[in-house]
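Peer 1: One structure, as C-alpha cells, below. Some questions next.
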C-alpha cells in the first residue's frame with residue numbers, strides 16, 4: 001500500500017516511528033508528528049541522506065544490495081523439561097550490479113564474484129545458526145541431566161532424613177527448596193533476560209550492514225559466555241545448598257541420637273530392692289554410638305565401661321574392687337539365704353544368655369560389691385523403650401511356629417492374634433502368605449514377601465546360556481472363528497483328509513495340530529473349537545501361534561466367537577488373515593461381512609488396512625491357493641526364526657490319559673529339536689519320551705521347530721497350556737516337578753484354610769440353597785476344562801453346581817465310590833466306565849451319564865437344575881361371594897348366609913374377607929353348606945352358608961373373595 005504519512009512509512013520499513021522522525025530531521029525534512037504527510041520528494045531526500053551517511057556516493061548507483069530475512073520456529077526443551085519455542089532467523093543478501101555496454105564482461109565477472117561472496121556469506125551464517133541451535137540443545141540436555149541429578153540427590157537426602165522430627169524436616173526442606181528454586185529462577189531469569197536482549201539486538205541489527213552483523217555475532221558470543229557463567233554460578237549455589245543440607249542432617253542425627261539416649265536412661269525402671277537405699281547418682285548420658293541396645297544386652301553403666309568385651313570363664317575371679325564374700329553375707333537380712341525372691345531373681349539374672357557380655361558372672365546380690373556399688377549395679381538394666389521392628393520375610397506358605405520364630409515371639413502370641421481375627425489355629429497350622437503378612441503387620445513388624453529358593457531359577461540360568469544359530473522355521477497358523485463357520489472343513493480341504501466327519505455333531509471339541517507340506521513351504525495349522533465353551537482353548541491357540549486365519553461364513557457374518565477370536569489375536573499381537581468361507585452359497589454377502597469386520601477393527605487391504613481378505617469355499621476349493629499364498633506372505637514378512645541345534649522348548653496343546661499308553665500329551669515344538677529319549681518337564685509332570693508320534697499316528701524320531709507331535713512317558717497328565725522344556729538329566733526334572741507339586745499343594749491347602757470361615761458364613765447366609773454335585777471325566781484336558789467352566793456358569797442364587805472332582809481318563813471304581821459318598825452324578829465326556837465301575841454304580845444307585853457333544857451335557861444339567869428349583873406359587877381367584885345375612889350359632893360362631901355372585905366356591909379354597917373393598921382377613925373356609933347339607937362346591941347364582949376358620953366378625957354386606965394357590969414349575 002502507498003505510505004502517505006510518517007507512521008505508515010515506519011510500519012512499512014518495520015522500524016519505530018520515533019527513529020524515522022529523527023532520521024527525517026537529520027536529512028533536513030521537517031516533520032513534527034507521526035501523522036504528518038510524507039511525499040516522494042521527502043523520501044528521496046531521506047534516501048540520499050542515508051546513502052551519504054553510509055559512505056555511498058551519488059555517482060555510484062550501478063550496484064543495488066537486497067537483503068532478505070526468513071524467520072522460522074523450532075521446539076526445544078528447557079532445563080525443566082518444558083517445551084519452548086525458539087525463533088530462528090535466516091538472513092540473505094544479494095548484490096546486483098548494472099552492466100555497462102563497454103565493460104560488460106568485466107561487470108559480469110564482478111557480479112559473479114559478488115554472488116559467490118554472497119553465497120559464502122549465506123553458508124557461513126547458516127552454519128553459525130546451526131551451531132547455535134546445536135549449542136542450545138546441548139546446553140538444554142546438560143541442564144536436564146543436572147536437574148535429574150539434583151532430584152536424585154534430593155530424594156536420597158530425604159530418605160536419610162526420615163528419622164528426623166517431622167516439623168523441623170518439613171520446614172528445612174521447604175526453606176532449602178525455596179532457596180534452590182529462587183537461585184534457579186534467578187539464573188533462568190538472567191538467562192532469559194540475556195536471551196531477550198540478544199533477540200532485541202538481533203532485531204535492531206536486521207537493518208544494518210555486514211559490519212553490524214559481525215558486531216552482533218561478537219555480542220552473541222559474549223552473551224553465551226555470560227549464560228555459561230550464570231549456569232556455573234547456579235550449579236555452585238546448588239552444590240553449596242546441598243552441602244549445607246547434609247551438614248544440617250548430620251548435626252540433627254547426632255542431636256536426636258543423644259536425645260534418644262537421654263530419654264532411654266530417664267525412662268529406665270528401677271529394680272525392686274529389699275533395703276531402702278539412697279538414690280544412685282545420675283549417670284552421664286551415653287554417646288550416640290553407645291545408645292544401641294538390644295533385648296538381651298542393655299547399655300553398660302559408667303562403672304562397667306572398663307571391662308573387656310570378651311567373655312570370661314564361669315569361674316573367673318571377681319575384679320579387685322569386689323569385696324570378699326563374707327562382707328556381702330554380713331549385709332544380708334535374716335532369712336535372705338533361704339531361697340527368697342531376691343535370690344531367685346539373682347539366679348535368673350546369672351543365667352548365661354546369648355549376647356551377654358558378663359560371661360556368666362553373678363551380677364546379683366552375691367557378685368556385687370558392698371554398699372553403694374552393689375545397688376547401683378543391680379539397677380543398671382534398661383528395658384527397651386521403643387519397640388523393635390523386624391523385617392520378616394514371609395514365604396508363600398508358613399506354619400504358625402515358623403512365623404513366630406521369624407518374629408522372635410512365642411507361638412501363643414500368634415495364636416492369640418489369630419483368635420482375635422476369628423480363626424482357631426494350632427501351632428502346626430499352615431498359613432498362606434496373605435494371612436501371615438497380616439499377622440506380622442498386626443504384631444508391629446514389617447512383612448516382606450520372600451523370594452523362594454526356587455530350583456526353577458536353574459531353568460532361567462540355562463536359557464541365558466544357549467547361543468544356537470537361528471534358522472528359518474515354518475509358521476504356526478491358528479484357524480479361529482465361530483462355530484459351524486467351516487474352519488475344520490477348510491483345513492480338511494487343505495489336508496486332503498476327512499477330519500470334520502470324525503467330530504461328534506460335526507463340531508470341533510479338541511485342538512487339532514497338523515503340519516502340511518505345500519508347494520510354497522511347510523505350514524503348521526492349529527484348529528480350535530468355535531463353541532463358546534472353549535474360550536480357554538482358543539486363548540491357548542492364539543498364544544502359541546504366529547498368524548491367525550479368521551474364518552467367517554459369508555452367509556452368517558460376524559458372530560460372538562468371531563469377536564472373541566479377534567480379541568485373542570489382538571491381545572497376542574498376531575496378524576490376521578480373513579478367510580470368507582461359503583462363498584458358493586446363494587445368500588453369501590461379502591460386502592456385509594467386510595463392513596461388520598471393519599466395525600470390529602479388522603480393516604481389509606483394499607480399504608487401506610493391513611488384513612488380507614480372501615474369499616474361499618471349503619466345498620469347491622476355490623480360493624485355497626490364494627489363502628495359502630497370503631499366509632506364507634505374512635510369514636515371510638515376520639521373518640520367523642528359531643534355533644534348531646538346541647534343547648527343545650514348546651507348549652502343551654492337548655493332554656489325555658490313555659488306558660493302554662498312559663499320559664499322552666500333544667505338544668508343539670517352538671524352538672530346538674525334540675528327540676526320542678529326551679527328559680522333558682511340563683508343569684508338574686516329567687519323564688522320558690518313550691514314544692513320539694506325528695499327527696497321522698506314525699512314529700517319528702525327532703521334531704523340529706513348529707512341528708506338532710504326540711509324546712508318551714510322562715509321570716502324569718500335564719495341564720493344557722503348560723510350557724514344555726528339555727532338561728539334561730532326570731534328577732533335575734524330578735526335583736523341579738516335585739517342588740511345583742508341593743508348592744501347589746501347600747498354597748491350595750492354605751487357601752482352603754483361609755476360606756473356611758468365609759464359606760461357613762456364606763452357607764449360613766444362603767439358607768435353602770440347592771447343590772447339584774457332579775463328577776466329570778473327559779477324554780482330554782481341554783474338553784474337561786471347557787465342560788467344567790460351562791457347567792459352573794449355570795449356577796444361580798438358588799441352585800449351585802458343585803464340581804466334586806474332574807479329571808482325564810475313564811470312569812473307575814474310585815470315581816463311583818466318591819460319587820456314593822458325595823451323592824454326585826457322574827458325567828463321562830467321550831469316556832466310558834469299566835465293568836467293575838458299572839457294577840458298583842448299579843449296586844449303589846449312582847447315575848452315570850455319557851455325552852460326546854458339549855451342547856447335550858450343558859442342556860441336561862440345566863434341565864436337572866430347573867427341576868431342583870422351588871416351584872412358584874400363584875393365586876387364582878375362583879369366585880366372589882356376597883354376605884346377605886349373619887347367623888350366630890352356639891359352639892360354632894358366626895355363619896354367613898351368602899350368594900355366589902361370580903365363579904365357583906369350593907370347600908378346599910382359601911378366602912379373603914373384604915369390607916368396603918378393603919381386605920380385613922385372609923384364611924380358610926371351615927364349612928360350606930347348602931340347605932343344611934355339606935357340599936363340595938357351590939356355583940354362581942346359588943345361595944350357601946359359609947363359616948370362616950378363626951374369624952367371627954362377619955357383617956352383612958361383606959364380600960368373600962375365594963381363591964386357590966397353585967404351584968408352577970420354574971425354569972432357569
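Just so it is clear, glycine is given a Cβ too, placed from its N, Cα and C backbone atoms.
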Peer 1: Of 523-526, 527-530, 531-534, which range does Swiss-Prot call region 'G3'?
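Peer 2: Residues 527-530 are the ones Swiss-Prot records as region 'G3'.
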Peer 1: State the residue range annotated as region 'G1' by Swiss-Prot; the candidates are 473-480, 481-488, 489-496, 497-504.
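Peer 2: Among 473-480, 481-488, 489-496, 497-504, the range Swiss-Prot annotates as region 'G1' is 481-488.
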Peer 1: From the ranges 506-510, 511-515, 516-520, grab the one Swiss-Prot calls region 'G2'.
Peer 2: 506-510
Peer 1: Of 48-85, 390-427, which range does Swiss-Prot call region 'Disordered'?
Peer 2: 48-85
Peer 1: Under 8 Å between C-beta atoms and at least six residues away from its ends: which parts of the chain pack against the region 'G4' (581-584)?
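Peer 2: Contacts of the region 'G4' (581-584) (Cβ under 8 Å, skipping residues fewer than 6 from its ends): 485-486, 490, 551-556, 590, 615-620, 622-623.
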Peer 1: Helix, strand, coil: count each for the residues of the compositional bias 'Basic and acidic residues' (121-181), based on DSSP.
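Peer 2: Going through the compositional bias 'Basic and acidic residues' (121-181) residue by residue, I get 56 helix, 0 strand, 5 coil.
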Peer 1: Specify the secondary structure state of residue 487 (GTP binding site) as given by DSSP, simplified to three classes.
Peer 2: helix
Peer 1: Including all protein chains shown, what's the count of other C-beta atoms within 10 A of the C-beta of residue 583 (GTP binding site)?
Peer 2: 20
Peer 1: Using DSSP, tally how many residues of the region 'G4' (581-584) sit in helix, strand and coil.
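Peer 2: With helix first, then strand, then coil, the region 'G4' (581-584) has 0 helix, 1 strand, 3 coil.
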Peer 1: 481, 484: which of these binding-site residues has the highest Cβ count within 10 Å of its own Cβ?
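Peer 2: Answer returned by the neighbour count: 481.
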Peer 1: Please spell out the DSSP helix, strand and coil residue counts for the compositional bias 'Basic and acidic residues' (212-263).
Peer 2: 52 helix, 0 strand, 0 coil
Peer 1: On the 0 to 100 scale, where does the mean pLDDT of the region 'G4' (581-584) fall?
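Peer 2: Value for the region 'G4' (581-584), mean pLDDT as a whole number: 86.
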Peer 1: Which number gives the other C-beta atoms within 10 angstroms of the C-beta of residue 487 (GTP binding site), all protein chains shown included?
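Peer 2: A 10 Å sphere around the Cβ of residue 487 (GTP binding site) contains 30 other Cβ atoms.
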